[in-house]
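Data first, discussion second: the structure below is written as structure tokens.
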Amino acid sequence: MSDASYRDAIFSTPLDKVARFSFDERVVACFPDMIRRSVPGYGQILGMLGVIAERHLRHGAHVYDLGCSLGAVGLALAGQLPRDAFSLTGVDLSPAMVERARQTLEHECPDHAIEVIEGDIRHLDYRPSGMIVLNFTLQFLAPEDRDGVLEKLYQALEPGGVLILSEKIKAGDEQDNAWLVERYHDFKRANGYSDLEISQKRNALENVLVPDTLEQHHQRLARVGFARSLTWFQYLNFASMVAFK
Ligand code: GEK
């Protein structure tokens, strides 16, 4: 077992001060465990990306994986598509994530044209692409930065290209939202997180992860130019959308 598979115990002891969540070395070490136990449907979403790419991606087209963390999207696509089917650029702000993603991808799929760069997705010069994936990344940008990034992505997509946007969402109705959040905490409990871990992580993510409603997402996608978008997956307060250019 590699050390990338450490169990996430970051919020298992009381912290003097509530630390703001950040993607540092500590998070990197247990990230695969953390995301699998914390994001309902994470594996199913990754599994469908190759299926969607097979249907929509022009052969040999370029793909972006924005906020790539340890490179799971690249790994998923490389596992399902031949090496000449696409080239991919993963981008992440965290040097620790980028370093580990490079090692993993180099090791797991050396024949695929996959690169990982350290960068801020708000300020990148995007090249023309057939598919752009934002898998649980837009939610970490300040709300006022979200339109600007999506506008750039719309411009970068080739006609016929697709954007995949997976996000933690909130329900517009307060009562519905409370139910989803409570069942989400049950989901985490069932995956072995204690009440202390759940509440400390919730505090650490406050103001760091600001979710939108599905309606806000679809309205934003329309505002930046996408003629059509739909929600293809939802599991509690986590959803994935596809937008077509
Ligand atoms: C996966 N997609 O496994 N520019 C670049 N990267 C950023 C920025 C930014 N402005 N802000 C945050 N990040 C992955 C999971 S994790 C989701 C994505 C989670 C990066 C941040 O460093 C982190 O690696 C990633 O976005 C979010 O499919 O941890 O819930």
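Placement of Cβ uses the backbone N, Cα and C atoms for every residue, glycine included.
Here is what TrEMBL records for this protein:
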{"type": "BINDING", "residues": "Tyr42, Gly67, Cys68, Ser69, Asp120, Ile121, Asn135, Arg202", "note": "S-adenosyl-L-methionine binding site"}
{"type": "DOMAIN", "residues": "63-161", "note": "domain 'Methyltransferase'"}
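Neighbour count (other Cβ atoms within 10 Å of the Cβ, all protein chains): 23 for Ile121 (S-adenosyl-L-methionine binding site). The average per-residue pLDDT of the prediction over the domain 'Methyltransferase' (63-161) is 96, rounded to a whole number.
According to DSSP, the secondary structure content of the domain 'Methyltransferase' (63-161) in residues is 40 helix, 29 strand, 30 coil.
The S-adenosyl-L-methionine-binding residues named in the record, Tyr42, Gly67, Cys68, Ser69, Asp120, Ile121, Asn135, Arg202, extend over a maximum Cα to Cα distance of 25 Å. Around Gly67 (S-adenosyl-L-methionine binding site), a 10 Å sphere centred on its CB holds 22 further CB atoms from the protein chains shown. Sequence-distant neighbours of Asp120 (S-adenosyl-L-methionine binding site) (same chain, six or more apart, CB under 8 Å from its CB) are Leu93, listed in sequence order. Listed in sequence order, Ile35, Arg36 are the same-chain residues at least 6 apart in sequence whose CB falls under 8 Å from the CB of Tyr42 (S-adenosyl-L-methionine binding site). Take the CB of Asn135 (S-adenosyl-L-methionine binding site) and look out to 10 A: across all protein chains shown you find 24 other CB atoms.
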